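Quick look at what TrEMBL annotates:
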type	residues	note
ACT_SITE	GLU83	active site, proton donor
ACT_SITE	GLU324	active site, proton donor
BINDING	THR428	Ca(2+) binding site
DOMAIN	625-712	domain 'PA'
REGION	758-863	region 'Disordered'
COMPBIAS	794-817	compositional bias 'Low complexity'
COMPBIAS	840-853	compositional bias 'Polar residues'
Amino acid sequence: FCSQQEHAYPADELMPLTCRGRVRGQEPSRGDVDDALGKFSLTLIDTLDTLVVLNKTKEFEEAVKKVIKDVNLDNDIVVSVFETNIRVLGGLLGGHSVAIMLKEKGEYMQWYNGELLHMAKELGYKLLPAFNTTSGLPYPRVNLKFGVRHPEARTGTETDTCTACAGTLILEFAALSRFTGTSIFEEYARKALDFIWEKRQRSSNLVGVTINIHTGDWVRKDSGVGAGIDSYYEYLLKAYVLLGDDSFLERFNTHYDAIMRYISQPPLLLDVHIHKPMLNARTWMDSLLAFFPGLQVLKGDIRPAIETHEMLYQVIKKHNFLPEAFTTDFRVHWAQHPLRPEFAESTYFLYKATGDPYYLEVGKTLIENLNKYARVPCGFAAMKDVRTGSHEDRMDSFFLAEMFKYLYLLFADKEDMIFDIEDYIFTTEAHLLPLWLSTTNQTISKKNTSTEYTELDDSNFDWTCPNTQILFPNDPMFAQSIREPLKNVVDKSCPRGISRAEESLGSGPKPPLRARDFMASNPEHLEILKKMGVSLIHLKDGRVQLVQHAVQAASSLDAEDGLRFMQEMIELSSQQQKEQQLPPRAVQIVSHPFFGRVVLTAGPAQFGMDLSKHKAGTRGFVATIKPYNGCSEITNPEAVKEKIALMQRGQCMFAEKARNIQKAGAIGGIVIDDNEGSSSDTAPLFQMAGDGKNTDDITIPMLFLFNKEGNIILDAIREYEAVEVLLSDKAKDRATIFKGKMIPNYIIDSNLEIENMDQKSSENDSLKPTSEEAPSESQDAGAVSEEPEGGGESSAVGDPDPLSPASAASASVSMADPDPPAPGPVEAGAPGPACPPGDSQPQEQSTQTQANSKAHWDSKVQPMESILADWNEDIEAFEMMEKDEL
């Protein structure tokens, strides 16, 4: 928080890598993400009640004065109604809630006269124009100064909004009405909720992801508990808790029954179609669903909460953080992690419900990972790629508003708190609203008598607010017994699952020829293709193209066989393309004052040292070469020898640059993009291809950095001269980099005392973190071979042409190598927890792996006395590092 105030205030957010504030319009646009920024000191407002939870009352008082004095809510800027409500309106109301609590205690905030509430009411009125629709659903965006559909508003043309966007208003708007006595806010929020409820799919009782705000038609008909829907369900249950309206509980129970019937496939939560809820809509899950175990705790359904939470924890242990999305067989789907707090939230609620010290160990792992992998000189940086450990210059306000709050509360004793947290309910942004609002200024009818609810035959709905005495009668090992079967769900050995194509065929008729068995040189195979209406075309580059015309098949059944064959071939070809792609690499700055905390996403090369096979990577000081383009003999070899050469992209091929610096004695090379402003934040991964010749003579590693990331290294050279980096397949643990040398590694807040964690953390051996990670999954990357200026001849890189989807009438697919038999598809199609194919091993080997993992974990345990002895050294090093800027 102090770093944010020092480097970023009054900007909305801190950019922790470059140690400056993010001001909308002054940085490259990030699309919808920037709709949260309204030039209203977002992070300061979002963090107000966190300061009081952390017992930082003096800092809270100063922060409130800053907000009152400096924040302007009348800006000509378009913002997200949803984000502004949960972060800014919720932040002001949470701040007001704890301010009046402190004032009543008589020591702090004696001057406070409801100023934050007045600002909240002003903001509430600025959001109301968004509700000017026939349905009552709000527009997704509003101009703080001009509203919606005003000539100068620059918004109001949208037709769709997400279900969570329209359904996550009732807590803040009702609290504003109850605090002020102005009922209009609660009325508008209730109307939006009523409309969504009426538009639910009646046969499944599910809602879609996006809805037309004018007609109420579902635009996206998939349904889950993650992004786009998540907090709608959360606010139905919490609205019942805060407002005491039974209709909200009845709605939630109806939805919850549908979720557990269709979406919940323990321990997974998979999206389905609202009209065909037995049909999965996708084979991956997003990280926002990590909040759901916490909601299930509030509901009182503990068993599935424990199961899903444990599955998520296994994914975190594999990647250090929860990827933005991951597949049903636990591969990375989207590799980013913006330091989301949902998993920490569920961990806190599960500990509150069970009292199981295992969840303290989970929280300790989260803190250690944040300090090891996300801590940078000016704060905590989001992860650009959990596989490489590369960073993004981003620290969202919710990190301070939620993550700090939940982790502190997880370890805090009752006597550590200056107020009773049980007197409040958390909003979706973890802001605190007092429960006494349920009996204040009740201007709304409590019961919606016009709505009929489905009678549910489920004993789970007969009671609420359970306690551990009921949940775990005389069995303190209850939670552990649920977790135990899931302890190896991510990495366990198991046979290869069938592919989607195989599964779709089921027990029905199989095509006479399978795609994985096809050989273009086999005359018998060619005859079968002809019978199925599939023709083979030889291309000039040596590849073959398959085209299907149903009308040319021998019969309708043969045409169906041909279509199945083409679908298999498309999936197989797509899989082969993925196998040819290389994953991103990492450039880690390890010299002072970075100490390995700054990790840059780098593009790989298809030549030179394979960093994935050299786990130690290549470490050395960097040096700029002359000429900077590296396209001729290096004229400063004495400066480059035994160093990692920096050069600019352009004017010759990458392989030529590599040969020139290798000849000059360089131990590695980094090519920096010459396109001003390019960044891995906005551009797809760049892969450096060879020059069409044999590149076995190139033995040094070569990596590519976009312009923004390259400038971080160049700026560091200008500031510190001697800059040392590590080129590797993924970011390394700083303990590994510095071989046990003490490097600053900070606990999040001094209030998170290590003694307290140690006292609460019992030696629970039911689940030991594994030290080995499964091989990283590659992300999409395009291989690019650079051409000399003046139009030199380019060499083909052998990538297959893009595939077109197969249709009933015709389909085609190109193959890079027609002769060898193709391997079978490897993507598991079963919705249950599956393992990557090819990992089947004898049970004895699996047991040995677990034993080794346990030994590794035990060896990593550091005595508490040692940690405490190093604490002062940590603080001194941190203070020194804080003075340095990138």
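Placed from the backbone N, Cα and C atoms, the Cβ positions cover glycine too.
TrEMBL labels come from automatic prediction, so no person has curated them.
Taking the features listed in TrEMBL, we show where each one sits on the structure.
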| residue | record | contacts (Cβ under 8 Å, 6+ apart) |
| --- | --- | --- |
| GLU83 | active site, proton donor | ASP35, ALA36 |
| GLU324 | active site, proton donor | ASP286, SER287, HIS333, TRP334, ALA335, GLN336, HIS337, PRO338 |
| THR428 | Ca(2+) binding site | ILE86, THR168, LEU171, ASP230, SER231, GLU234, TYR235, PHE291 |
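With helix defined as DSSP H, G or I and strand as E or B, the domain 'PA' (625-712) counts 20 helix, 18 strand, 50 coil. When averaged over the domain 'PA' (625-712), pLDDT in the model lands at 91.
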